[in-house]
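The next block holds one structure in the form of structure tokens; read it before the comments.
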Amino acid sequence: MDIAIHHPWIRRPFFPFHSPSRLFDQFFGEHLLESDLFPASTSLSPFYLRPPSFLRAPSWIDTGLSEMRLEKDRFSVNLDVKHFSPEELKVKVLGDVIEVHGKHEERQDEHGFISREFHRKYRIPADVDPLAITSSLSSDGVLTVNGPRKQASGPERTIPITREEKPAVTAAPKK
């Protein structure tokens with residue numbers, strides 16, 4: 001019986017490490033997909049390519065959670081932390097960085113025992129005062145961290161244009 005051996009460069013000539021089987025790219029609040037647990041199958045076809053993980057839309061993309069926004073009048077971060085109680089969360093400002101940390105110890109759920117921990121850091125834009133940043137936790141588990149953006153210094157004004165009779169650029173004398 002012959003066994004076909006497919007070299008990874010032949011199967012994926014342009015992206016040999018494009019979509020490895022891995023568990024470390026999860027979002028902390030998301031569940032595993034069944035395809036995350038199995039290696040890419042070469043038994044189906046030598047030309048089978050596992051769909052890359054960035055093409056699969058995670059569930060938070062539909063809800064708009066875990067995002068950072070910079071709007072005209074404010075800066076905000078929305079983060080899905082439904083698996084954590086307010087006592088298990090910390091929000092700190094360190095210089096120009098917001099640090100969000102969540103941790104809960106091992107506890108039992110319907111599937112067994114679970115513990116979770118995450119750290120997220122967000123750079124504060126230059127026009128946001130770090131002392132004015134606030135945070136709140138909604139009833140559905142969305143942590144919102146926001147701060148007002150500084151307004152421009154003074155009202156807008158129009159500057160009149162005057163016309164001059166002399167040219168701005170003069171020709172250099174030829175040697």
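Any Cβ shown, glycine's included, is placed from N, Cα and C.
In Swiss-Prot, the entry for glycation site among Lys90, Lys121 corresponds to Lys90. Checked against Glu106 (Zn(2+) 2 binding site) by C-alpha proximity, the recorded positions His83, Lys90, Lys166, Thr170 yield His83 as the nearest. Within the same chain, residues at least six positions away from His119 (Zn(2+) 1 binding site) with a Cβ under 8 Å of its Cβ are Glu99, Val100, His101.
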